[in-house]
Each structure stands twice: as structure tokens, then as C-alpha cells.
């Protein structure tokens, strides 16, 4: 229906500090507007600054990485500290406010060497929040339609069309009307409503009036808002975007007054950093800056369909911007997301030997289902993780055979066909596994959070509720790419308190504070689709990362780990135990039984405790048959036992823990033998073909090789061809370069089920067939299809290190890198996106980077750089022509052998 309107709404506003409008609905179609001019900012943190400096300048100092963090936290306030090698916003608030006299910061390392000097931006240039809307006309927004016509949508058929993501229905009605008014009610409702886009909409308006018991979400551009019962929402399209009446008030919100700011580059953020801050004749020094490990998250993603097709709803995996957004919420220096190709399992073998070809005979659900646990979690997710650890085989049941030495998670979407139909799984995380239904939003933040060791409602109200500035557990988030603060409260003014365990946080200027991801929280806006962790949780997350190793191609061991004492990353030895071993029953410690066990196992253990004890332990005579065998005694029982060995009798008392090794003539006593072996990847960060399945060393259950899984980024290990016997269980993989043979355990880890295997091979080797063999008998064979094209991985934060035969320059500003293999040059000049930018050098072990401050490497204006070289060390380098030149902003490049 078309009617004339005599309605007028107006919100005067300015770009940063704006006028606000109070709108009060009087009746359908009639509004009165009371304009209240208010150009003042709304400050979140109004507390008195506390001095953090030593010297004549007194100022409070904060930093912002994934969130704002204080240089010196208040007593009892659990806050994260700086993360190494991640850029940081420096925030300086002088105790005596001075917004005019310029402020500089001089950065020095632990040797007092100057890293650089920056001039800080004045308080008037403090970054905006993500709620700040750009493009608002200086003169304000006049909510008056261009002509007086409107269309009212109030039928079920018309309302049902509003869920079209293009907004085509609303668009069509706006063609001939200045206003479209939409009425929702019980029985006339849709969950999601989309406003259209297009230049022809300039000046058009949409109004929503809700009488529906269910809420709707209105999407407009990259923003969204909830429409609840009794609410009226008003929108106008201005300067190419929709504005909602009321949200413009948020342009006034800012963090605090009198704050000077500057971005510190990532390579400055290392232990030992100290800052000298100067304002006029005043100077203050910040020495004791706590900087922790350069933590790293490696996240694999895979979409699984079990006896049905994959769901194709793994939105996070497909959305590179989502990777970037989640990185902005956690205290790490690097986050890698590796995408696997979807996996469609047309049949499912269980570790019991049961083959499912139609459906799982049991019931499944969001939190239940045999295939959910055994396949999605244990076989696929842990299979991906364990293959990257070089752990070839593990127990067929359970999640305990996962070393979890690296912050490496395998996240999966999965659904399966059960007796009760096709069931979508989700809602769990921990131990390197993330089982997800919805992958954008709090479910992702929550389940990944369990992998960091976070439980539910961590530390109750004091740890799980975002707080106002004067309280502990208060912060704002920071998007270092968008240069925007993320307030810890919602954009809409609802005047709601945030309550937990009978304690409440009052709203800020009507805005409800959020909850932690582990406490029923939710994202604050579409600007970041993940839930902000509280400072309390972030500190726990940071400790998690600081206690994990990282894959490191430049480490002698293939891994590095943070040493809190030396404040450095040091080589870390990742070890696994592949020795065949068994713990003998205390009821079967006769000489003949022990000889039988030693013939089959490399290590035989005897473990006694109260209630599990026997008097005598008989060991067979050392001989050629048992040369190299290991016996380990761990006696924790209160009664003594007697060990008959080497023709003697030995008393074994409580606390005795030793090993004996046969040299063929004697059993030699020694400290407990560590049979673990170090594992170092052979290739780092390469496309991988991951092979998983089940095998039965006893040959009674049906072994099974699953279809290959293909990932864009993984780690491979050398095969075991040199130390395998034909009788050993093994996975044989045929490739273009020959056959690879990987050792598997020769005994069941669980007595009643098969073992599982999980092995990576380089996709580049073009594997064509996999064969399971035990005792020289073929258990199963699988033809392997070629890997699909287009698999990708993303890196957010610190760039990956250069490969062995590669030289790179990395933009200090963006973190993007430009790399060339040995023997290549940039051409006449570097690409436009990096030429002339300040960079640092990163070259591989066999590479040297040649840079010139001139095009085409001309006039011998060339400097040589090896390894990691920071910009400060590139500013005065002796060139081939004998001059000392600045190569920190190069124009051309070549990579040669070192």
C-alpha cells in the first residue's frame, strides 16, 4: 500500500564527535524527534593515569596487541603481557596532560643499541573504535524521504521474502517508494533480514516495527542488529551505506583522553626492549617491559561426511578474513591455518573391525555418535596431528596417544548417517581436537579455548565478565590491521547489567558489557566475528602458548621452545617411544614366561605396588637370544621382592627403579633406560598427503586404509626403510621416487581392537598406492588419487622463515614478504607493492640477499645480507662501491648462494 507521509526524522552529526537524536515512537508511522546537540566525546577510561616511567616525565604506558595491556598491571589483576615479534600500539598518557607538545619514543635493545625513534600521534588522532562509522556527512543525516510515499509490508508472503541475502524484495519496493515499513509479528516472521545495496538507493529509508516474540537479525552492509519484540529500527541509505538511527552515537566513544600513540614494529618487540619517552624537556624511561614467547597456533581444517556427503558449511575454513579476525583475539605472533580437502567416507571401518557401508546402527547427535568420536575426533583429527608429529601408529581407541607438544589443532566439521538419520556433530574441543557445527562465532572461540586449557566460567565473575575501566579484568581489544579498538561492550544501548553468580557489572553509557568466550559470550559486532577473551582468560591462553614448542626449520632439532629463564626460543627435542614393550603380570614372572616376553618385546617392565605384588622375579640367563633386551623394575610395594638374575639373588625394596640390559653374557644394571627417540621433520610446511586407517598386528580383524587426505601445509619425516625387517608391521607407499616404508607397532596397543596409523608423505612425491603389511603378509591395499588443486593455507602475523635456498624481504608495515630462490632477481625494480617500503631481510641457510637502493642493481650500489637483518642494521651498510648506504628501503634485489 502507498500512502503519503508527513514524517521527519533528523540526526545532526559530525565525523568524529556528533550530535545525537532521541527517537520515541508515538504510534505506527509517527515519530517525534528531540535533537540534543552534544559534540563531546564519551571516554571509557577516565581513571587518573599512574606513572610507569623513571625520570622527569611522568606518564602511564599501555600497549595494544590482541588487546590493550598495561605496562604494570594492578595488584591482583591477571593480564597478559607483550608477545614477542608482534607489532604493538604504544599508548602514552602523561600524568600532567599536554596535548600540544610533541612526544617521541626512542627504542633500545638489551645492549642499549638504538632500534629507532618514532614521533607519536597526538591525542586527537587516537584510533577509533570498530563502532565508529566513516562516511557520515558533516551536516548530519536527515531522515526525511525524498518523496512522500511508503510501502508497508505486513503479510506473511511478503515477510517471508525478506530472508533473501540480496535484499531484492526490499530493493524492488524502494524503487518507487521513499520508505519501506516492515511489520513483523507472531506467525509473520523470519530469522534473518537483509537490506539491499546499490547507488539507486541513495536517500531511501527502511523502518522495522516488531511485534514478534522471536527476534530477527537485520544485516546491513558489514553490520547487523537484533530486532526484538516492541522495538522499532530506522535506517537510511547515505553515501553508499545504510545508517541506523541511534548507532551514530557510538562515533563519540573513545578509549581515553590525552593519549599519544604510535605503532611499534614487530621486530622491536623482543625481551630487553626499553623505551625512552620524551615530551619537550621532559624524559622518562620504561625499562622493565615484560615480553613473552612468540607463540604460534597451527590450525588444520577439514570437512568430513561419514556415510553421507560433507556438509560444506565450514565457513571459517573458506574465509581468509575470518582467519585474520581470530588472530586478532589471541596473544600469538603467528597463526597458520591449513586447509584440507573435504573428506567423503562412503564406508567407515571402526577399530573393532566392523565395516559400516550404509549407516551407523547406533544413534548420533550433536554431542554423540560412534563415528563422531572414533572417526572424526580420534582417527581424522588426531591422525592429522600425529602425522605431523612423526608418530606413525597409536592405540585404536581413545585420545591418550596424542603428545600435544605443539599448539597444533585439527578442527573439523562432521556429520554422519545414523539409525536416527543424518546428524551434524559439534560442540567439543580439547587435546588438539576441535569439533564444530558453527565455525563463525562463539562456538569456535569456545571450543578452541578448551584446547588452551580453559574450562567453563573461568574464575567466575571476576574472570569471566568484561569490566569497566576502574576494575580488574578490564581491557579493549585491538585490531592491528584495521587500526581500530574493539570495546568490551556491545554497540547497542540496552541499559542491561552483566551478571554472574549474583554479581553484576553495570553498563557503560547504556552499553552491556560482554562475557568471556567460555562463559556464554558472543562477538560484539560483525567487525570481528569471534568472542573477545577477557584479560584473565588471555593470560591463561598466553601461558599455554609459552609452554608449547613450535615447528622450526632453523632449529637443530626441528622444534623450538621458549625458555622463560633465558627469555629465548631454544632447540627443543620432540621424542616418541617406538620401542615394543609390555608390562608383565605379577602372576607370570617365571623364567620361561619372561623369556617368552623378551623374545617378542624389546622392553619388559615389572611394576609392583601394594595390592599388585609377588615375592620372586625370575629372569632368564643372558644369551645371544636376548642380547639388547631391556628389563625395567619399578618396585613401589611395601613388601620386598627377590630378583633372580645373573645366577644371583637380589633384594628389591620399595623405591627401587632400575633397568637391566642384556649384552648376551650378563644383565647389566643401569639407570632406567629411556627408549624414546627424537623426531625431526624432513620437510617443513609442504603440501602433504595424510594416510590414516586401522591395522591388526594379529591379523584377525580386517585392516583398512582410508581414502587419502590432502592438506596444503604439513610436516613429513624420513621413512624407516633402513631399520625395518620383513616381519615388522609397516605401511608401504609407492611414489614417483620409489617405495617408502614406515614402521608401525608390531603389537596391539589395546587388546581387543586394531591400532590406528597416521603418516604424512609429501604430495610432491605423487603417491599412488598404500599397502599395509605385517609379518610379511599384505593386510590391505589402497590406490591413491592425485591431490586436488587449489588447496591453500594462510599466515597471519609474523611471516614464515625463508626456505633453505630462498631469500626474502619483509615489509615492516604490512608483514608481507617478497621472496626469490637462489639465482633469481627482481627484474628492473621490486614489485610496486613493496618497492620503497621499509623492510627487513630473511634469508635461508644457503642464500644471500643482494639489495640496491637503485633500480636494476645499478652502479654497484649493492649491499649483501645474510640471515635475519633488521632495518636498523640496514641503514648504514658498506656497498660494493665503497660507500655506506641505506638499504632499508630497497628498489631492486637478487638472491645468490651464500
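Cβ atoms here come from the backbone N, Cα and C positions, even for glycine.
Annotation comment: Swiss-Prot describes 447 as active site. Annotation comment: Swiss-Prot describes 446, 450, 456 as Zn(2+) binding site, evidence class similarity to another entry. Swiss-Prot lists 296-551 with the feature domain 'Peptidase M66'. The annotation signal peptide is assigned in Swiss-Prot to 1-35 on the grounds of sequence analysis.
Feature annotations (Swiss-Prot) mapped to structure.
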residue : record              : contacts (Cβ under 8 Å, 6+ apart)
446     : Zn(2+) binding site : 429, 517, 518, 531
447     : active site         : 427, 428, 429, 434, 435, 436
450     : Zn(2+) binding site : 428, 429, 430, 518
456     : Zn(2+) binding site : 518, 519
Mean of the pLDDT scores, which run from 0 to 100, over the domain 'Peptidase M66' (296-551): 98
Other residues, Cβ within 8 Å of 446, 450, 456 Cβ centroid (Zn(2+) site): 429, 447, 449, 454, 455, 517, 518
Local backbone state of residue 450 (Zn(2+) binding site), from DSSP in three classes: helix
